[in-house]
Structure formats: C-alpha cells, structure tokens
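One structure is given below, represented as structure tokens, and several questions about it will come after.
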C-alpha cells in the first residue's frame, strides 16, 4: 500500500510536468511566436523518446530491479522539467507593441500623421540575426527537454502497474489500479490549476519591476510566467523519486525464459487485446488533442483569460473524467463483471458520451467584428476604412487591440485613426483612446477602450462546460473495464509486456499524432497571422465557427 501511495505521488508529479506544458501552450505560442502545429508537435514530442524505449523496457520488466528503474526515470523527468524553463532565462525580456512610450521603446502605435511611414516598430526589432538564432535555441532546448521527459517516463507506468499487479491480490488489484488511474487523471487537472495560478504573474516578473508592467492579464498581449510552473513541478518529481531507491526488488518465481518476438506476435494476434487497444487509440487521440488545445479553444471562443480557461479545465473537466474512472472501477468491483459485461459497459458509456457531445458543435459564437479582418460594412466602408487612417502611416505589424465605441475591434489604435491616448495617472495604464477618425458616431470621431471586444458568448459558456464535463464522465467510465479486458484476456506472464505494447501503440497512433493533427486543423482556421521576419508566427485571430467545428 505504501508503494501504491508513492507511485500515485510520482505519477501525479510526472504528469504535472507534462500536463503543465499543455496548460501554458497558448502562452508559449504568444511568447515565442509559434503556430499551433509547432506547439502541437512540441506537446507530443515527449512521446518520441517514450515510444522508442517502452516495448524493450517492458520486456525486461520481470528481470530488472523495477523500483530502482522507476527512480532513475523520475530523476530524468525532473531534469527535463528544469530544462523546459531554461528558455526564459536565456532570452531577453518580452516585447510588445504599445501606445505609451516607455522604458522599452520610444515608438508608439497611435495615429501620427506627421511621422513618415518607415518609422520603427517593435515587431521589426525582433528581426536581427541574433533574435532569429535565439528563437531557434529556444525551440531546440524545449524539444530536447520534451524528449528527455519521454525517456524518463518510460519505466514509470508499466513497471509500476506490473509491480502492483504482481503483489496485490486478484480482488484488490483493480482497486489499486483504479486509484492509480484516477491519480493519472488528477495529474493534468492539478497541472492546469498550477497553470492557472502561474499565468496570473507577468512573464518577466524576475526581470522587470512591478511598476513597469503596463499590461493586465486581460490584455490579448499578456504573457504569463509560464516558466515558473516547470520549476515547481520538476522539484516535486525530484522529491517523489527518493523512496524508489529503497523498495525491495522482490519478485515472484520466474516463469521460464521467453522470446521477445514470439510474445509480441502472440499478443498482437489476440483479437480482444487488439480490438480494445484500437478502441483506446481512437479515444486517446481525441483526448490528446483536446488536452493540448482545449484551453486555447475556451480562451478564443468565450473570450476568457488563459488563467481562467486553465482553472475551468483543471477544476471541472478533469475531475469529471476522474469521477468517471473511479465509478467505472467501483462498478467492476461491486458486480464482479465478466469480460463480456465489461465490453458492454464500454460501448454504452461511449454511446451516451456521443449523444451529449453532439450539441457542442453549436455552442459558441462567431468571431468578433474586427475592422479590416473579419468585418467591413460595405464596399463604400472599405474605401472609407482605407481613407480614414491613410494619413496615419500605421506600422503594418502593430498589434494592440482596442474596442471602439461602435463595438468593432481594431488591431491597433493607429488602424482606428486614434490620435490621443488618455492615461490613468495612478498606475500608468491606458484609460481610453479618443479622436479616432475611423470610429464615427453621429458624424463625430468616436473613442475606444484598450483590449478586445470579446465574442459576446458568455451566456453559452456554462452550458458548454456542463455538457463537455458530462460527456467526459461518460467516456471515462469505460477506462478501467477496457484495461481489465486487456489484463484478464492475455496470459498472466505476458502482463507487463502487453501493457508495454498497449502504451506503445497508444503513443504511436494517438498521443504523438493527436496534438499535431489538432494543431494543424486549428491553424487552418486562422484569419490573421502575426508576421515575424516575414514568416508566420502566432495566430492573432481565428474564425471561431470553423475553429469550433474542426
């Protein structure tokens, strides 16, 4: 029981490292200008190191000192966590476009008719060879850290599961595994909560004095302290690793020597094993994509801050899935189900989940009106839109969204033709922009507030969360029965190996491609890209309807 406790703790903190990346992905995209395809690849890259090794490690499962191997893996995971936060310390402070000349720059993005068009702008400053190299270094470090994270995670789950299943009674084993699986699900939940907490701090909290931070976390340009969570998570893993070096090897009697290829084929030809694993592959591919981009989806669809989106996922969606897993395990134990009943239970859960998830296609709002991007009143308006800020010489790439009094969003104060910015003297923040030639109200120049207009979708947010949570509970009821189908239908001495093959197939067919496919699909719905050095960087605006449907 102490081993189950330690293993739960270790899995929790290991998932904290890998799950935390998913919670801060939209922030890292913004900070380093990544497309969703790139960030999806980054999120799934830990599976690469994992896949290469998992089958072999599981095969040697009954011949090595399992607890000690788990401990060594945990040390690697911890190292990977510290590496993930390194980019923050090797790059300069975060820069963004702003209207108020400040310690960062003396340019502003207001409408300035007298200034020639070639005026400097922050976005272009990031184009020196040094900046480009810095960006490559950041990606390299992160990809290496992710690969290490995968390699370190290899022994943890298969060895832990087989160690427990070897020494627990037949009747208690499902209970212990159920506890572990529910922890496996809490892990990402805690990771999202950690993300929610850390992203409330400004990214350069260690480099910039508090008074100099001009953004609030509601601002679309806000970047939270994404690196802090990695430090916390990595430290936790390091602590959890310690007990493993003191567990006994203690193995039951060996069952004859076995041949690697023979067992591999024996399991792959087993119809129940193969079908259940393929079903799990389909489910996992969806979960992998959702886990990576659900936060980003909520941020865009319902105009939430990154911190709040993570809070919802961590406090509602993931605990829901956990409830499902525990309920599934409890039903199994209570009714001592046969394998046939197990599969019936899986089918029923999935079917009900589909019914509840279907309405989610329609729960959302279109993208807010953004002048020149998603919106133009008429061809006459287009002509006028060009005219109204023509004399402003706007920098092409400025991004500092404002919401006009006409409820239309503009990419920057300059594109709305605003000439005056009013500052709140107390905290140096922007109150509003006035004298804006593109925002006309009753023939007079209108005004604008800083920040985006939002999608006006808040009333659909609650139904969306409730339905997605219920669908998640129903889907995850099938988790433990599907595992039991595998553990009980194969030969007992193949257990460790079969779980290894299963995890490998899940990784190759689901966890690796899932986030990349989701990211690519999300990229296809982008309508305005940030440009860095003439290449696409992060997406500024998505077509919300397409984003939701795809």
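Every residue, even glycine, has its Cβ placed from backbone N, Cα and C.
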Select from 311-332, 377-398, 399-420, 421-442 the stretch of residues annotated by TrEMBL as transmembrane segment.
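Of 311-332, 377-398, 399-420, 421-442, TrEMBL gives transmembrane segment for 311-332.
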The transmembrane segment (311-332): which same-chain residues, six or more beyond its ends, come within Cβ distance under 8 Å?
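Result: 23, 174-175, 177-178, 181-182, 185-186, 188-196, 294-295, 298, 304, 342, 345, 349, 465, 468-470, 472-481, 484.
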Report, as numbers and ranges, which residues of the same chain sit near the transmembrane segment (460-477): CB under 8 Å and 6 or more residues beyond its ends.
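Sequence-remote neighbours of the transmembrane segment (460-477) are 185, 283, 301-302, 304, 312, 316-317, 320-325, 327-328, 331, 345, 349-350, 352-353, 356-357, 359-360, 363-365.
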Within the domain 'Kazal-like' (382-437), how many residues are helix, strand or coil going by DSSP?
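Once the DSSP states are binned, the domain 'Kazal-like' (382-437) shows 10 helix, 21 strand, 25 coil.
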Where, among 69-90, 175-203, 223-247, 344-364, do we find the most CB pairs under 8 A to the transmembrane segment (138-163)?
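Comparing 69-90, 175-203, 223-247, 344-364 against the transmembrane segment (138-163), the winner is 69-90.
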For the transmembrane segment (344-364), could you work out the same-chain residues 6 or more beyond its ends whose Cβ comes under 8 Å from its Cβ atoms?
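Counting only partners 6 or more residues beyond its ends, the transmembrane segment (344-364) has Cβ contacts under 8 Å with 279, 283, 301-302, 324, 328, 331, 337, 455, 457, 460, 463-464, 467-468, 470-472, 474-478, 481-482, 485, 544-545, 548-549.
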